[in-house]
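Feature list (source: TrEMBL):
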- Ser89: active site, nucleophile (ACT_SITE)
- Asp201: active site, proton acceptor (ACT_SITE)
- 56-214: domain 'PNPLA' (DOMAIN)
- 87-91: motif 'GXSXG' (MOTIF)
- 1-31: signal peptide (SIGNAL)
Amino acid sequence: MSDNFPVSHRRRCLLAGAGGLLALASCSTTAPPATAPAPPVAAAPLPPLRPPRIGLALGGGAARGFAHIGVIQVLEEQGIRPDLVVGTSAGSLVAALWAAGHSGAELGALAESMDESALTDWMYPGRGLLRGEGLARYVREHTDGRQIEAMKLPLGIVATDLASGEAILFQRGDPGVAVRASSAVPAVFQPVRIGAREYVDGGLVAPVPVQFARQMGAELVIAVDISAATEGQPTGDALKMLLQTFAIMGRNLGQYQLREADVVMRPKLQGVSGADFGARRLSVLAGREAALTTLADLRTRIAAKTHR
């Protein structure tokens, strides 16, 4: 620096420069350290889609009940597996065998080999009244001695309390006795005593047990209606006339109860009476056709009730 500047001026310049350096040094030491960016937070996985809990309600109709087998066969072939099954009268027999683990194909084979005489045990010759113990034995034999509560699929069987007229849902106990009670058509089968109560055919008050499928936890109910439309004066023995009378009694009640079902399958069984055990193959085919006809609607309704 030139000697022409006074000492005091040079001192002020040096002090100013030193102050600037100190200020710069101060700024460099107080700056916060750089922070790395936080990684993105992964979104929580969505719970899996859950289809509705499906209940299959199988109605009564005596020998027309073979149609239930055709419905079950199609459901299995299409990968639609109900979560529970409940049956009335003939429907209770098919329901019990299926809940025990028999496939639709096995049920078809049982139908073909079924000996009607093995299910009939006359209480008094000439009175036309059956004990029903033959039916109970058949059920026990083909359910491997399981109790209702031990079935592979939740099972409900509906009968009518003879004293009160109320529908009763059996979910525990001997399936043979329960099916026998559910199928005890008045004047054909002897009423079935369980404990202190007597029971007769469940079709008197619950021809197609839709409400009991709901009671068992079904969110979507498939109902199979095999009730017979009136087709003129029945011909033949008194049993045919009695069964048609019984069908007429339950038909209007059944139509009312079916309103609560999500899907109703109605096998076309014209000309097949409740006593026509010889038409079992035709009945199975009618059940298959009814299931195939409603399959698209069933899939739509299942999809609509599928949720997370």
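Our numbering is plain: 1 for the first residue shown, then up by one each step along the chain.
Cβ atoms are placed via backbone N, Cα and C, with glycine included.
Helix first, then strand, then coil: DSSP counts for the motif 'GXSXG' (87-91) stand at 2 helix, 2 strand, 1 coil. Between the listed active-site residues, namely Ser89, Asp201, the fewest other CB atoms within 10 angstroms of a CB are found at Asp201.
The CA atom of Asp201 (active site, proton acceptor) is located 6 Å away from the CA atom of the residue listed as 'active site, nucleophile'.
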